[in-house]
There are 2 protein chains.
Amino acid sequence: MNSSLKLSNRDRAVLMKAPFLAGLGNSALVRLMSMMTISTLPARKFVMREGETADAFYCVLNGYVRLFRLSREGREADIMVCAPGDTFAEHLLFNDNVYRCNAQTAEPATLARFDMQAVRDLAQQDPEIAKALIAAISRHLVGTMDCIANDRLFTAPQRVANYILSRCPVEGGSASIRLPFQKSLLAGMLGLAPEALSRAFSSLRRVGVTVRGRIIQVGDVQALKNI
Amino acid sequence: MNSSLKLSNRDRAVLMKAPFLAGLGNSALVRLMSMMTISTLPARKFVMREGETADAFYCVLNGYVRLFRLSREGREADIMVCAPGDTFAEHLLFNDNVYRCNAQTAEPATLARFDMQAVRDLAQQDPEIAKALIAAISRHLVGTMDCIANDRLFTAPQRVANYILSRCPVEGGSASIRLPFQKSLLAGMLGLAPEALSRAFSSLRRVGVTVRGRIIQVGDVQALKNI
DNA sequence: AGAGGGATTTGATACTGATCAATCAATCAC
DNA sequence: GTGATTGATTGATCAGTATCAAATCCCTCT
């Protein structure tokens, strides 16, 4: 793990557009950014572990981070996959001080680390920062509630279709998207075993979805919406 | 629906202990409470509907409120069941202004209603209120993430066991609890059809769980923890 | 206390997705 | 390039739950 205070331009752009920081005024921004640290992590590196003291939260600048919990027998269940711009563990600020799940990079990643206590202090002083926190946490909550509804309401092919649609240009007609990560990660996000994702893709062939590697071609976006 | 500004003593006690308001100083408390309205609703009454403009959030004072989403075919999926002390839709304050799910009383209920705009203004002025909001929303997020992990990691009998354990006095030995609501509501909370809940209970008989009406008797709490 | 009606349980069946194993494809190291 | 490693697909089977229908239980109301 390589830690530094320096930010690449690309990473800086992601950070500034992250829901947590977007919309902050200059002084709040400077205060937050001067206390964060940047680290570059290899793939499969643990960022935090369930049960550890929660003394920092993170914002993903590059790569993907998988949040998951383990069963007693060692089975893993993904709770959320964080993309560039997402923060995680930020909701422990005014709550518990113990991480409730594990976080692992799904590929080489760059993260901004924020010290809990420092941000807690800032949030108490600066209402703008408090508001940014509320927005970030609220956003997570919306996503998490959507996830429950998806799991409970839809079958595997439907969830896959929903995911594809969420990344398609809205219009009808045909479209082509590229998965930004491995299929096994997508499977986890959707609460599926990799085999089930594979079968879901192949069952979507009859509605005009073609998959080759990470490229997904959709013949008729509208048709996909009808299941 | 009967609206008023008056609070029974019992409802007031619940409100003051609600995570959202507990820990607030007197002036913040007064300001929030002077702008809320109380309503008493019959069972099965809709409090909000998916897609409506989100102009208020609520705190449950008495009874239970079910948050759920509908599929195109009309199937319902519960996202959360709110007990006395819980707030809901409060995470839309600094986000979307559209309700993302339906809310329906599961039985006659009393709710405190908070106008979004008014609380938004208060939160901007008063860091203490902002902090209370962060705590309330964070709490929800923790619960919702737990829910996903539970759904994905455990089978029906295990989820039922977890629920029972969560309401048992911690010690080992035997225990007896009373469900505070109908079994069909519990089924929804756990993402199960009522029939599946029933079968889960009966499968727990072999580890010493007896159910009669709303009373659940646990022979050996420790044994229940091992599955 | 008894009747009525909704809630729950039970049974039978179908479906969805997990799991295990084997094959195939793609990527990497050398 | 070639073998080795990792990721993805496919097939066969199984476990867990939904669904539908019928029987029974429990609660409330009178």
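Note: Cβ is positioned from N, Cα and C throughout, glycine not excepted.
Matching A:20-41, A:42-63 against TrEMBL, the residues noted as transmembrane segment span A:20-41.
Nonlocal intrachain contacts for the transmembrane segment (A:20-41), taken as residues 6+ away from its ends with a CB within less than 8 angstroms of a stretch CB, comprise 1-7, 11, 47, 59, 61, 63, 87, 90, 105, 108-115, 118-119, 122, 126, 128-129, 132-133, 135-136. On the 0 to 100 pLDDT scale, the model's mean across the domain 'HTH crp-type' (A:154-222) is 94.
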